[in-house]
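Structure record follows, encoded as structure tokens.
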Amino acid sequence: MIQVLLGLLRSPRVTLARIAQRATPHDGLVAILVLGALYATFALLLHAGGHAPSVTLVPIPRAQYYLWQALFVAPLFVALWLLFGLVCHGLCRLSGGRGPVGATLAVIGVGYATPVALLFVVPDLTVFLVAGHSALASAMRFYAPLAVLGCLALCALGLRAAHGVGPLRSALIALAGFVVQGAAGGILLR
């Protein structure tokens, strides 16, 4: 995982091409599970601090929500990764892409988990530990858009490497997959 991270920092296009060429979903799954572990840690810290989300869309008591989220977030991220990847794979194939599903899942997992972990969860944890829960909403305005842009850029590069689709098409497909998984995940993630 460290090699992948360093590769993404040095040369994202080359790193994602190597991941696509290996075409093993394991690469994506490992990244997603690391993201799930980080998110679960943050949820446990929020729960331990007595914090609760202002709104929940499922019948879990607000006071216990972050505790429950710590338990379900890793499997949820796996499901969202599969949804994101399969939507992108189907759209790439409809657009003339020729890559295998394993390559799609690998690049989507790495392309999604890396920026979300490094540009969203780690900054969230840092802000929470340094400035407290009340600072999260205002700080998030700065780094959350970077996480989204990073995710879309890496996923689009990965889809180009896995399927050989053009830059605009891969960007639109990455956006479509991101929106679908975001709508599904937004029900549970707080």
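Backbone N, Cα and C atoms are what each Cβ position is placed from, and that goes for glycine too.
According to TrEMBL:
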DOMAIN    7-184  domain 'Yip1'
TRANSMEM  28-46  transmembrane segment
TRANSMEM  66-88  transmembrane segment
TRANSMEM  100-122  transmembrane segment
TRANSMEM  142-159  transmembrane segment
TRANSMEM  171-189  transmembrane segment
Open item on the list: For the domain 'Yip1' (7-184), what's the mean pLDDT in this predicted model?
Closed with: 97
Task: Highest-contact recorded stretch vs the transmembrane segment (142-159), from 66-88, 100-122, 171-189, CB pairs under 8 Å - done: 100-122
Task: Stretch of maximal Cβ-Cβ contact with the transmembrane segment (28-46) [cut-off: under 8 Å; candidates 66-88, 100-122, 171-189] - done: 66-88
